[in-house]
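Database features (Swiss-Prot):
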ACT_SITE  HIS27  active site, proton acceptor
ACT_SITE  ASP120  active site, charge relay
BINDING   HIS27, SER142, THR291, PHE343, CYS344, HIS361, TRP364, ASN365, SER366, GLU369, ASP385, GLN386  UDP-alpha-D-glucose binding site
BINDING   THR291, PHE343, CYS344, HIS361, ASN365, SER366, GLU369  UDP binding site
Amino acid sequence: MGSMSTPAASANGGQVLLLPFPAAQGHTNPMLQFGRRLAYHGLRPTLVTTRYVLSTTPPPGDPFRVAAISDGFDDASGMAALPDPGEYLRTLEAHGARTLAELLLSEARAGRPARVLVYDPHLPWARRVARAAGVATAAFLSQPCAVDLIYGEVCARRLALPVTPTDARGLYARGVLGVELGPDDVPPFVAAPELTPAFCEQSIEQFAGLEDDDDVLVNSFSDLEPKEAAYMESTWRAKTIGPSLPSFYLDDGRLRSNTAYGFNLFRSTVPCMEWLDKQPPRSVVLVSYGTVSTFDVAKLEELGNGLCNSGKPFLWVVRSNEEHKLSVQLRKKCEKRGLIVPFCPQLEVLAHKATGCFLSHCGWNSTLEAIVNGVPLVAMPHWADQPTISKYVESLWGMGVRVQLDKSGILQREEVERCIREVMDGDRKEDYRRNATRLMKKAKESMQEGGSSDKNIAEFAAKYSN
């Protein structure tokens, strides 16, 4: 049966359950920040995740309670135990649906009925369980509107697999997308579904039954994706509620103490902030490619040499499970100008005055963090939504450039060096900075009192407060 911690919040409003995809940092943190906003409006947020995650990760603290469900692997990481994603998802559904139903029942019997379940639509079974228990549901989409709507169009059979650049041009011509997507820009899960069939199915199935949800929420803001957000709202009733980041970085005085996500699957004690303090303003390249993507030895070698050859000081995040791939020679070369760490407080680093550029995989959370801090990007996408986001960064938002692979699909150090120099020293460096600053202001306005996303959050909270 699902278990519950001691209450952390003092609000007397209705209980909101938050169910992100288990052990996915990029899905959990935005939902937690949304929960903090709901707590400000008087609701009582409860984080629901797997027993294994709760046993290995410190709880987020006030204003959250925590509740546990099972993915069938209470004593081990499910994704590690079942590396086949399709098999893990089936196991997660079987155990998760049962224990979520038990949790909803036990909470109701204890006099704490859930008013609404905010869930990740990568877990569509959660909607069915909640509705069977008489609990309202709100789907929380954690990717940009541009990518979401492509998945939605496939689910609605208005687009067929594989999705082609011609299909994307049709969306652009209709005014649905703000930029024309080429062969390297269409989300790869639907552009080449045969390569990752489980992820393709999971992405599309987010939209199956979405019309049955009471609310649909998107972690974006209308000024960033005006055409896409408008289409999402007219087609799926989706409301933008982002960027869902700690309010300290949004200059929102209503939640002054909200300075961190508060739920970290990765930890580090490396003093990178002290190192940053010693660097000149806007001189440092932050390099991080997320918590999921992996590089082979050759790619790391090219990336590292490109960084060193750029002549810029750099902070390079190489996860501990990737560190062994770095050669001794490359480590010594990096020591001259850079600092290699297994983890860094990314938001803090991006907000630091020394940071001048972010070389990123362009996952959605990392991109929003760069936008909120006005930091130009060098995009080096890997999969999922990243190629599409990279296209928007370079061609529509004008806040950076994209690293191009050679004709054989190989990363070359010269290209890494070229892109860093272009953003940091090139003729358009002031354009990149100006565009990043413009979007930063728009992002903050959307989340400050009376902004577009803030209004949507307030309306959602009011709906479930009575």
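The backbone N, Cα and C atoms fix where each Cβ goes, glycine too.
Sequence features, as recorded in Swiss-Prot, placed on the structure.
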{"residue": "HIS27", "record": "active site, proton acceptor", "Cβ neighbours (10 Å)": "21"}
{"residue": "ASP120", "record": "active site, charge relay", "Cβ neighbours (10 Å)": "22"}
{"residue": "PHE343", "record": "UDP binding site", "Cβ neighbours (10 Å)": "19"}
{"residue": "CYS344", "record": "UDP-alpha-D-glucose binding site", "Cβ neighbours (10 Å)": "22"}
{"residue": "HIS361", "record": "UDP binding site", "Cβ neighbours (10 Å)": "21"}
{"residue": "TRP364", "record": "UDP-alpha-D-glucose binding site", "Cβ neighbours (10 Å)": "24"}
{"residue": "ASN365", "record": "UDP binding site", "Cβ neighbours (10 Å)": "24"}
{"residue": "SER366", "record": "UDP-alpha-D-glucose binding site", "Cβ neighbours (10 Å)": "24"}
{"residue": "GLU369", "record": "UDP binding site", "Cβ neighbours (10 Å)": "22"}
{"residue": "ASP385", "record": "UDP-alpha-D-glucose binding site", "Cβ neighbours (10 Å)": "24"}
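Rounded to a whole number, the C-alpha distance linking ASP385 (UDP-alpha-D-glucose binding site) with ASN365 (UDP binding site) is 11 angstrom. Comparing Cα positions, ASN365 (UDP binding site) lies closest to HIS27 out of the recorded positions HIS27, ASP120, CYS344. Here the C-alpha separation of CYS344 (UDP-alpha-D-glucose binding site) and HIS361 (UDP binding site) works out to 16 Å.
Calculated from their C-alpha atoms, the gap between HIS27 (active site, proton acceptor) and ASP120 (active site, charge relay) amounts to 8 Å. Spacing of PHE343 (UDP binding site) relative to SER366 (UDP-alpha-D-glucose binding site) is 14 Å (Cα to Cα, whole number).
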